[in-house]
Amino acid sequence: MAFHFRRLPGWYLSFSSGRYRLPHFSSLLSVFRFSTINGIPDSSINDPSFHRTHNRCNVDERRVLTELSDLFQLSHINTTIPLYPYKESYPVKQIESRDVDEFLLPEEKLRGIFLQKLRGRTAIENALSNVSVELSIDHIAKVVDRGNLGGEAMVLFFNWAIKQPGIPRDAHSYYIIIRALGRRKFFEFMIQVLHDMVKDGVKPNLETVSAVMDSFIRARRVHKALDMFENLEEFGLTPDTESLNVLLLCLCRRTHVGAANSLFNAVGGKIKFNCVTYNVMVSGWSKLGRVSEMERTVKAMIADGFTPDCSTFSYLIEGLGRAGQIDDAVEIFDHMKEKGCIPDTRVYNAMISNFISTQNFDECKKYYKALLESNFDPDLDTYTKLISAFLKSQKVADALEIFEEMLVQGIVPPTGSLTSFIEPLCSYGPPHAAMMIYKKARKFGCQISLNAYKLLLKRLSRFGKSGMLLNLWDEMQESGHTSDMEVYEYVINGLCNIGHLENAVHVMEEALRNGFCPSKIVCSKLNNKLLAANDVDKAYKLFLKIKDARRNENAQRYWRSNGWHF
């Protein structure tokens, strides 16, 4: 017999109001168990009207059982009612248990806690403590410097991190969070952290003060920086010569030379100046090419009892060059020895920069050779200026010669400078010159960035150098860089250009396995090449794989935006 659910609401309402009591609740459950499909003859299953009635009964029964379990505060009653009568059970796929965030970097795991939108500081701190990461000061810097955390989230994370073992509670740790907050213009939180720093007994240093002042000045809030300088006593500091030089340097570096000059004149006589103070003011006017202001500052410097040094003359020469007075700059350079100041590397660099601006490379080489013959050696700034100027003017041979001399002198260019050398070479001509710089830099142990590898791969792909392309790809992976979507696109495009379709398909499948789905242009190019080669079967199979990868990529992008991958 089938149980009639139409009568249930009547006694259920009476029962819920307390009119009746059911001492034996298990008997009621037994009734529901007999209402399943197992007690129905096979002949009635074939009736189409049966399925409509039975599906409605299943819904009603589950609703009633759920309400009863909520009423009696019991666990949910599990009734095994198959949706389709001809299938009694379905195989359950066993999924291997593993961490779903194992592919994330430590800073991404920590930053991802805030994507879960947890409520309450305690819940967030507990979630951060449960992250399997060996926290270090570098991880803290990466969490707050990158991503899109808000000011409140950044302060909350830092307050939790500073309590962890192994994290020093010193000025450098506070400098990291103050600089990060200032860069994103979270000024209220920045000042709050600065006050908390003083309350914790950590005295701010000039580096921390410089970060606060520079953040205000970069946001064009000069008055805030000036107020900060006047109220340094609140943070345990005094407005002295050193702090004044820091503020003037920040103002001149951000081209607020007028405000720096007003402050310089206002504190004159109240705060004692030194040689660095005058040099900072000369450097600020030098960037603007204001020759008259530079001369006035130098005269005041001499009147105050200070002798101009090489820094002063280098700023004067640069300012004259920006004003177009190259001859006056040469005259000052020639009379430096007469005034008892021997030109050093900074002065020679200023002269080289002036002639680079006028495209006079003969004079650049002349002063470069004079620097080699002097008692001073060229520095990284010298070689960077010369190499960049030669590459910009497409004087590749001269640039390669200077680059080799730099390496022989033992000066290893940083990663950013090396990338700036390779970038113009990958914009014109064949890739041989760029590969020469790459091979020499790799030979001398220079660290090459992923962007430099991408530039080289893109250039080799365009010219169809498949052998060099694959070798460079292997060297990139050996150096510790992982391939991303751009790298796979360059490799696939290069292999398609020379007709190596089978290898291109293997690279495409590898990219799909690693979770990267190349752009539609690259996929269409490879698909058209396969169809042109009458390899329809391989093109169709690759199309299905790309289709699945595209769907998974869209789903993964949605998961990551909601923090579900944590």
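Glycine too: its Cβ is placed from the backbone N, Cα and C atoms.
Automatic prediction, not curation, is the source of TrEMBL annotations.
Taking H, G and I as helix, E and B as strand and the rest as coil, DSSP gives the repeat 'PPR' (170-204) the counts 26 helix, 0 strand, 9 coil. For 170-204 (among others), the entry in TrEMBL reads repeat 'PPR'.
For the repeat 'PPR' (205-239), the mean pLDDT of the prediction comes to 93. Annotated repeat 'PPR' per TrEMBL: 205-239 (among others), in sequence order.
Annotation comment: TrEMBL describes 274-308 (among others) as repeat 'PPR'. Secondary structure by DSSP for the repeat 'PPR' (274-308): 27 helix, 0 strand, 8 coil.
Here TrEMBL flags 309-343 (among others) as repeat 'PPR'. Residues 275, 278-279, 282-283, 285-291, 294, 298, 301, 349-351, 353-355, 357-358, 374-376 of the same chain lie 6 or more positions beyond the ends of the repeat 'PPR' (309-343) yet place their CB under 8 Å from a CB of it.
What TrEMBL records for 344-378 (among others) is repeat 'PPR'. Across the repeat 'PPR' (344-378), DSSP helix (H, G, I), strand (E, B) and coil residues number 26 helix, 0 strand, 9 coil.
Outside the repeat 'PPR' (379-413) by six or more residues, the chain places 345, 348-349, 352-353, 356, 359, 361, 364, 368, 371, 420-421, 424-425, 428-429, 433, 436-437, 440-441, 444-446 with a CB less than 8 A from a CB of the stretch. The annotation repeat 'PPR' is assigned in TrEMBL to 379-413 (among others).
Marked as repeat 'PPR' by TrEMBL: 484-518 (among others). If one looks beyond the repeat 'PPR' (484-518) by at least 6 residues along the same chain, the residues whose Cβ comes under 8 Å of a Cβ in the stretch are 450, 453-454, 457-458, 460-462, 464-466, 469-470, 473, 476, 525-526, 529-530, 533, 535, 538, 542, 545-546, 549-550, 552-553, 556.
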Original post:
Hey, which bits of the same chain come close to the repeat 'PPR' (205-239), Cβ under 8 Å, at least six residues off its ends?
Top reply: 171-172, 174-175, 178-179, 181-183, 185, 187, 190-191, 194-195, 197-198, 246-247, 249-251, 253-254, 256, 259, 263, 271
Subject >> Residues in the repeat 'PPR' (484-518) grouped by DSSP into helix, strand and remaining coil >> reply: 26 helix, 0 strand, 9 coil
